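Enquirer: Pulled from TrEMBL, these are the listed features:
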- D42, H246, H248, N282: Mg(2+) binding site (BINDING)
- 33-307: domain 'Pyruvate carboxyltransferase' (DOMAIN)
- 441-558: region 'Regulatory domain' (REGION)
Amino acid sequence: MPMLKDPSVKYRPFPQINIPDRTWPSKIIDKAPRWLSTDLRDGNQSLIDPMGAEKKNRFFDLLLKVGLKEIEVGFPSAGATEYDFIRGLVDNGRVPDDVLIQVLTQAREDLIKTSFESLAGIHSAIVHVYNAVSPLWREVVFGMDQSQVRGIAEHAAKLLRDNAARFPQTKWQFEYSPETFSTAELDFSIECCEAVMNILQPTPENPIILNLPATVECATPNVYADQIEYFCRNLPNRESAVISLHTHNDRGTGVAAAELGLMAGADRVEGCLFGNGERTGNCCLVTVGMNLYTQGVDPQLDFSDIDEVIQTVEYCNQLPVHPRHPYGGELVFTAFSGSHQDAIKKGFAKQGERNDQLWAVPYLPIDPADLGRSYEAVIRVNSQSGKGGFAWVLEQDQGLKLPKRMQAHFSRHVQELADELGRELVAGDIWDVFQRAYHVNDPQHLQLIDFEEARANDGTRVFAGKIGVGGQVQSVSGRGNGLISSVVSTLAESFGVVLSVKDYSEHAMAAGSEARAAAYVECTGPDGQTIWGVGIDTDIATASVRAVLSAANALRLG
Ligand SMILES: [Zn+2]
């Protein structure tokens with residue numbers, strides 16, 4: 001069946017919210033919201049294979065490590081796995097004093113009772129009850145009118161109040177979700193919440209959490225923000241409620257909706273790490289948190305070892321994190337294209353010259369190091385990459401900073417290999433082709449074994465060295481104005497290799513006792529061709545001799 005030429009016969013635009021004096025568009029988010037992870041509940045119930053006890057415990061530990069202070073741990077009335085896991089957290093004292101665990105229950109007497117029992121003995125906890133309130137659910141799913149649906153909420157609130165009284169040693173908090181809030185009449189959602197508040201009597205000191213789900217995301221995120229602002233403005237006793245957001249990602253804007261919802265006055269965000277959850281998932285807490293961070297706001301969540309977070313999440317969910325998922329994906333800091341690589345390379349160089357810490361690197365909105373990522377993966381080389389890419393990789397991997405003109409020379413070798421292999425080149429590939437191209441560590445050809453340098457009476461330098469070639473060592477010598485020119489004349493006299501040095505440069509490769517130096521020579525051969533040589537040694541003079549021998553090998557071997 002083809003897509004409809006006129007989709008308006010099947011789909012209708014979502015109506016706008018009548019709030020012309022909306023204020024949220026000019027608000028900014030300047031502090032972290034309260035966060036609730038629902039990985040172990042909403043996330044878990046959406047998995048192909050829901051987590052068992054081992055995975056749930058591992059995920060719980062990860063959430064604590066990341067710094068979550070409110071964690072929805074499950075649906076205790078759903079079955080033994082859930083109930084036993086939650087009891088285990090309580091009985092084994094696994095919930096720190098400053099962490100609130102939360103359980104979800106439908107608005108039914110037996111289920112609410114079981115939910116409280118799963119938490120008996122804990123210092124404090126949140127019981128979260130929900131019922132769907134929007135017209136489609138009222139009419140299609142339940143066959144109920146508004147007052148009947150409000151009655152369910154009121155009944156649930158009484159059960160919360162009465163069950164809490166059975167366990168007075170626990171400090172209880174309550175969360176109520178008018179589920180399907182995003183598609184419900186706003187005034188009816190408020191009516192249900194108000195009815196629940198009238199029973200539970202929240203105060204500013206002990207507020208109720210009102211969670212407003214975009215159970216199904218069905219409009220642009222500004223509409224959700226309008227709904228939140230409208231709700232906050234019109235809810236009686238607003239100061240006794242914590243407004244919580246629970247966005248799904250059906251239109252791909254779950255994160256945007258949560259952010260605009262915060263601007264519209266909400267206090268709390270529910271979601272999952274990397275946005276796991278029903279259908280297209282929940283709001284991604286990593287993304288919202290790091291979005292705050294890159295605006296200079298402390299998210300109060302710690303993603304400084306993002307790879308460990310991903311590893312655990314992928315293990316527990318048995319679902320991969322997309323390689324391009326914001327902040328966490330394997331490829332999000334990686335540039336393949338030459339122009340991007342070049343800009344990033346320049347950005348890093350400039351960054352090193354700054355007197356402050358302010359981050360300003362083209363194409364990288366965040367310093368990968370803040371997430372525990374190294375710079376090595378930032379620039380990766382394939383057939384689309386230019387000179388900047390492999391030069392960066394060589395610098396990061398081997399500490400070599402090739403002169404500009406040598407980069408151009410070497411790029412032909414890299415390009416050939418990339419085309420030949422038809423895949424991304426890793427650092428090892430580039431190092432291999434570099435060693436081959438410049439005869440580094442190559443015992444088959446002219447190789448320096450040892451040398452001495454002396455000054456003659458006339459002021460010239462004398463090079464006296466042992467050079468191996470094809471397994472044989474020859475003692476050779478030559479004379480020149482300096483070390484390099486004495487090596488050049490040695491090569492001409494003893495091996496018939498004629499070259500002249502046009503340019504020479506050197507640099508230290510690393511600090512400390514292992515420090516080595518790299519030397520580069522640009523030479524001209526007898527036919528005027530340009531030849532490059534490179535030498536690496538702990539001794540800078542030795543490195544320069546090796547560089548000349550490297551050029552000589554290139555000339556001899558063509
Ligand atoms: Zn949900």
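Here the Cβ of each residue, glycine as well, is placed from N, Cα and C on the backbone.
Curation does not apply to TrEMBL; its annotations are automatic.
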Enquirer: What are the sequence-distant neighbours of H246 (Mg(2+) binding site), meaning same chain, six or more residues apart, C-beta distance under 8 angstroms?
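Expert: Listed in sequence order, they are T38, S177, N211, L212, P213, A214, T215, E270, G271, N282, C283.
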Enquirer: Inside 8 A of the center formed by the CB atoms of D42, H246, H248, N282, which other residues of the chain have their CB, for the recorded Mg(2+) site?
Expert: T38, P213, A214, T215, T247, G254, E270, G271, C272, G277, E278, G281, C283
Enquirer: Express the predicted model's confidence over the region 'Regulatory domain' (441-558) as a mean pLDDT, rounded to an integer.
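Expert: Taking every residue of the region 'Regulatory domain' (441-558) together, the mean pLDDT is 90.
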Enquirer: To see if you understand the setup: which same-chain residues, six or more apart in sequence, place their Cβ under 8 Å from that of H248 (Mg(2+) binding site)?
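Expert: Correct list: P213, A214, T215, V216, E217, G254, G277, E278, R279, T280, G281, N282, C283.
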Enquirer: Using Cβ-Cβ distances, find the residues under 8 Å from D42 (Mg(2+) binding site) that belong to the same chain and are at least 6 apart in sequence, listing them in sequence order.
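Expert: Looking at Cβ-Cβ distances below 8 Å from D42 (Mg(2+) binding site), excluding near sequence neighbours, one finds E72, E270, C272, G277, E278, N282.
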Enquirer: Run through the Cβ atoms and count how many others sit within 10 Å of the one on N282 (Mg(2+) binding site).
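Expert: 31, counting other Cβ atoms within 10 Å of N282 (Mg(2+) binding site).
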Enquirer: Based on DSSP, tally up the residues of the region 'Regulatory domain' (441-558) by helix, strand and coil.
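Expert: Result for the region 'Regulatory domain' (441-558), in helix, strand, coil order: 31 helix, 52 strand, 35 coil.
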